[in-house]
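> Before I ask anything, let me first share the structure, which is written out below as C-alpha cells.
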Amino acid sequence: MSATTTEAKQTFLCKERLPRRYHPPSKVLSRLPTSFLPYGELLRLHKPLGYILVCYPFLVAGAFSASIAPEVLEADFWPRITLLCLWSIFLRSGGCIWDDIADQHVDAKVARTRLRPLPRGAVSNSQATIFAAGTFLCGFAFVAELPGVCMVDALIMLFFAVLYPYGKRHSNYPQLILGTIGWAIPMTMHGLNLRPLDHPIPMAAMFAFIALVTIMNDIIYARQDIEEDIKAGVGSMAVRFQHCLDALTFALVFASSAALVIAGKLGNMGAPFFTISVGGHFGFFLFLAMANQRDPKSGVEWAAKRCCTSATFLLIVGMVVDLVWRS
C-alpha cells in the first residue's frame with residue numbers, strides 16, 4: 001500500500017470518528033464566517049493566553065532594557081516595542097499552524113486535538129502550508145522596520161519555532177525548545193540599540209527567567225494529556241517526569257524567581273523591583289503550581305491566564321516604579 005493511500009485511509013478513519021455537526025470551541029470562533037473558521041482555529045484565536053505568553057517576554061525585555069540602559073532610551077521606544085510584539089504574535093501564529101501541519105496524524109489520536117482543522121479535513125496540507133508561510137512573512141515585515149541585527153534574531157527564533165514539533169517526536173524535552181522564546185531579551189535590546197554583551201550576566205539571567213517560565217507553563221498544560229500522549233508516542237517533560245511533576249513545577253517556580261532576583265541584583269535594581277516584580281511573580285506562580293497540584297485537569301487555562309497576566313503586569317509595573325524611584 002502506497003504512502004498516499006495509507007494517508008488517505010487514516011484521514012478517512014479520522015473523519016469517520018468526527019461528530020456530524022461541528023461546533024466551534026469558542027464564541028470568538030463562532031462569530032467568524034464558516035470559510036474563515038478553520039483558519040481562525042489554526043491561528044489559535046480562541047487561545048488568548050498564548051498571545052500573552054509570546055508578547056510578555058518583549059514587554060518585560062523592554063522594561064528591563066530601560067532599567068539597565070546607561071542613558072534614557074530613544075523617543076521611539078514604544079513604536080519599537082510594538083513592532084516586536086507584533087512580530088511575536090505572527091511568530092506564534094505561524095508556529096501554531098506549522099505545529100498542526102507536522103502533528104496532524106498524532107492530533108487525530110488525542111481527544112483534545114482530534115477536531116483541529118487538519119485532522120478533521122477542514123483545510124488541506126497545501127492550504128495550511130501557504131497560510132503558515134504568509135503568516136511568518138507578515139511577521140518579518142515588522143522586523144524589517146527594526147535595526148538589521150534583529151533580522152538575525154528573528155531567524156534564530158523562527159528556526160526553533162519550526163523545530164518544536166519534531167522535538168515532541170524524537171525527545172521528551174520539547175519544552176526546552178519552547179524556552180528559546182527567551183531570545184526575546186537580546187532581540188529587544190538590539191531593537192532598542194543596546195548591546196546585549198555589554199550586560200552579559202543580567203541578560204543571561206533574564207533569558208533564563210523567560211525560558212523557565214515558558215517551560216513551566218507548557219509542562220502544566222502538557223500534564224492534561226499525559227495518558228494520551230504516551231499512547232500516541234508524543235514526548236514531553238510531563239511524560240518524562242510524570243511521577244514527580246509537582247516537585248518539578250515547584251522547582252521551576254523557585255528557579256525562575258531566583259533567575260529574576262539575579263537579573264535584578266546584577267542590573268542594579270532597587271526595592272520596588274524586588275518587592276513588586278519578584279514578589280508578584282513568585283506569589284502568582286506559586287498559586288498556579290498549588291492549583292495545578294490540587295486538580296491538574298480542571299480549570300488549568302483559567303488559572304494560568306489570570307496568574308500569567310497578573311504576574312506579567314506586576315513584573316512590568318515593578319520595573320517602571322523602580323526606574324522612576326532611582327531617577
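Placement of Cβ uses the backbone N, Cα and C atoms for every residue, glycine included.
Per Swiss-Prot, transmembrane segment is recorded for 49-69, 81-101, 140-160, 174-194, 201-221, 244-264, 271-291, 307-327.
For the listed features, I'd like the structural context: burial, neighbours, distances.
Within its own chain, the transmembrane segment (49-69) is flanked in space by residues 77, 81, 84-85, 88-89, 91-92, 96, 181-182, 184-185, 187-189, 192, 194, 199, 202, 206, 210, 214, 217, 263, 267-269, 273, 301, 304-305, 308-309, 312, 315-316, 319-320, 322-323, which lie at least six positions past its ends and keep a Cβ under 8 Å from the stretch.
Under 8 Å from some Cβ of the transmembrane segment (140-160) lie the Cβ atoms of residues 80, 83-84, 86-87, 90-91, 177, 180-181, 183-184, 186-187, 190-191, 193, all in the same chain and six or more residues away from its ends.
Listed as Cβ neighbours of the transmembrane segment (174-194) (distance under 8 Å, sequence separation of 6 or more from its ends, same chain) are residues 53-54, 57-58, 61-62, 64-65, 69, 73-74, 77, 80-81, 83-84, 88, 146-147, 149-150, 153-154, 156-157, 160, 163-165, 167-168, 203, 206-212, 214-215, 218-219, 222, 235-237.
Sequence-distant contacts of the transmembrane segment (271-291) (same chain, six or more residues past either end, CB-CB distance under 8 Å): 67, 213, 216, 220, 246, 249-250, 253, 256-257, 260-261, 264, 299, 303-304, 307-308, 310-311, 313-319, 321-322, 325.
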> Given a Cβ distance threshold of under 8 angstroms, which distant residues of the chain, six or more beyond its ends, lie next to the transmembrane segment (307-327)?
49, 52-53, 56, 59-60, 63-64, 66-67, 217, 260, 269-281, 283-285, 287-288
> Within the same chain, where does the transmembrane segment (201-221) have neighbours whose Cβ lies under 8 angstroms from its own Cβ atoms, ignoring anything closer than 6 residues to its ends? I mean 6 or more beyond.
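Residues 53, 57, 60-61, 64, 68, 175-176, 178-186, 189, 236-238, 245, 248-249, 252-253, 255-256, 259-260, 262-263, 266-267, 281, 285, 288-289, 292, 296, 300-301, 304, 308.
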> Do any residues of this chain, six or more beyond the ends of the transmembrane segment (81-101), have a C-beta under 8 angstroms from a C-beta of it, and if so which?
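Distal contacts: 42-44, 50-51, 54-55, 57-59, 61-62, 107, 116-118, 125, 128-129, 131-133, 135-136, 138-140, 142-143, 145-146, 154, 157-158, 161-162, 164-165, 184, 187-188, 191.
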